[in-house]
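Peer 1: Pulled these features from TrEMBL for this protein:
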- 1-20: signal peptide (SIGNAL)
- 30-48: transmembrane segment (TRANSMEM)
- 60-78: transmembrane segment (TRANSMEM)
- 84-104: transmembrane segment (TRANSMEM)
- 124-146: transmembrane segment (TRANSMEM)
- 158-176: transmembrane segment (TRANSMEM)
- 208-228: transmembrane segment (TRANSMEM)
- 248-271: transmembrane segment (TRANSMEM)
- 283-302: transmembrane segment (TRANSMEM)
- 308-333: transmembrane segment (TRANSMEM)
- 354-372: transmembrane segment (TRANSMEM)
- 378-397: transmembrane segment (TRANSMEM)
Amino acid sequence: MSGLLQISFFIVVSSSNAYAQHLGGTSTFSGLVIGIPTAFSGLALLPLIKLDQGMGGYRIPLHFGCASSMMGHILYALAYRANWLYLILIGRIVSGFGFTFWMYSKRYCSDNRVVGIRRRTTLAGWMVVGQGIGFSFGPFVGGLLYKIGFSNSVFNGFTSPAWIMAAVWAAFWLFAGLNFKDPESQTEVANIESVAAVPLHRMTAPQWGVLATMCWFSMTCFFILGAWESNIPVFTGSASPLNPFDFSPFAAGNLIALGGACTFPFLFANIFLAKRHQDRNTLAIGSAVGAAGLFIALAVLRTRTVNYGSFFVCWFLIALGFNLCSTVTMSLLSKQLPPQWNTRTSMAIQYSNYVGRVTGAVWGGAGVKVGMLNYVGMQIVIVGIGCVMFCTLWRNLKAKTG
């Protein structure tokens, strides 16, 4: 389901700028449309956890996520027929309620009832492969459907990705409802007592530092990935003097997809290497690769030597580096903190993701307006802060492999 959520999030990236402009919006509004679902996902998460009543189940969030995702896509598609700009925003907000299951996916991967401590980073690596499929396959399909067009007021280049995803979610909802089974329930009393037995003040200062560092990198990864995914269609189709392209949504979607597809061999290799290398090494390597992509982007923009090859290299390095980083944030925390903290740490990481996705998408949509050098420079500053944090806490980031 995590992979489907990723496709749902990214399938509109290629055409959302053109869709918003067709309905009277701006590129910044397009960035808001891309990023807003995660803000409302964060608002819906707390009531959903309350509804769970401490049982540690996944079935209610699964049904809620499928229903919200299906309805959100339908509303997004109907905006064209209604000729109402804000209906695409409302549709994405409803889809955002479905994105609450991202937290449950992370919690499932670190749930000691399901996954042993030496398999968590490996499983997180598989989730990031699904993430990679989402941000490459989604924009490609969205751009392809935009190019095909289907010229009618209901099923066309702007709306067809949403209609297709609504049908996919309906089918998946039926399949999951028939086949998914919850792990054995935690008793509410035992769960509450065990969490209460590990109060916040018992965490040491280094543990708080590790928590802050993982949350910062979780935010950083999705801020930068979200910024580039929303900025590429805007920048490559803009009248900016730094832009040598004149890309359609289809061409922009192909560029995003190609960069994502080229990361797959490395992401697959990481799944097997995770059994031998510590999470902190993956974090350091991923940060270095992603930062290299940002510095190259800054250089080619500053010297006005942007071309397809240089721009693709920047995007590939950024996609690879920060996807690698995102594999370890939850798994490292789950290895250092007691199992009773699993829901809390999952929420901390997920809310950091949400902050990154929302602000990154808006920042990417506004990239041309604020200036592309400022757009990339801000990302370098954010990565730099994270590097200072993990260098300071390097010894404390040591955890079991796997």
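Just so it is clear, glycine is given a Cβ too, placed from its N, Cα and C backbone atoms.
Looking at the shown structure, what environment does each listed feature sit in?
Peer 2: Sequence-remote contacts of a segment are chain residues at least 6 beyond its ends whose Cβ falls under 8 Å from one of its Cβ atoms, and for the transmembrane segment (124-146) they are 2-3, 5-15, 18, 105-106, 109, 157-158, 160-161, 164, 225, 229, 248-254, 256-261, 263-264, 267-268, 270-271, 274, 319, 323-324, 326-328, 330-331.
The list of residues near the transmembrane segment (248-271) in space but at least 6 beyond its ends in sequence, with Cβ under 8 angstroms from a Cβ of it, reads 10, 13-15, 17-18, 122, 125-126, 128-129, 132-133, 135-137, 139-144, 146-147, 229, 232-233, 236-237, 282, 308, 311-312, 315-316, 319-320, 323-324, 327.
Using a Cβ-Cβ cut-off under 8 Å and counting only residues 6 or more beyond its ends in the same chain, the transmembrane segment (283-302) has close neighbours at 217, 224, 242, 310-311, 313-318, 320-328, 332, 372-373, 376-377, 379-380, 383, 386-387, 390, 397.
Beyond the ends of the transmembrane segment (354-372), by six or more residues, the same chain brings 9, 17, 27-32, 34-36, 38-39, 41-42, 218-232, 234-235, 238, 240, 242, 301, 378 to within a C-beta distance below 8 angstroms of the stretch.
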Peer 1: With pairs fewer than 6 apart in sequence excluded, do the transmembrane segment (208-228) and the transmembrane segment (378-397) have three or more C-beta pairs that lie under 8 Å?
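Peer 2: Counting Cβ pairs under 8 Å, at least 3, so yes.
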Peer 1: Between the transmembrane segment (84-104) and the stretches 30-48, 60-78, 158-176, 208-228, work out which stretch tops the count of Cβ pairs under 8 Å.
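Peer 2: By the under-8 Å Cβ criterion, the transmembrane segment (84-104) pairs most with 60-78.
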Peer 1: Using Cβ atoms and a strict cutoff of less than 8 Å, what residues sit near the transmembrane segment (158-176) while being 6 or more residues removed from its termini?
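Peer 2: Tertiary neighbours of the transmembrane segment (158-176) are 1, 4, 7-8, 11-12, 15, 18-19, 22, 62-63, 66-67, 69-71, 73-74, 76-81, 91, 141-142, 145-146, 148, 150.
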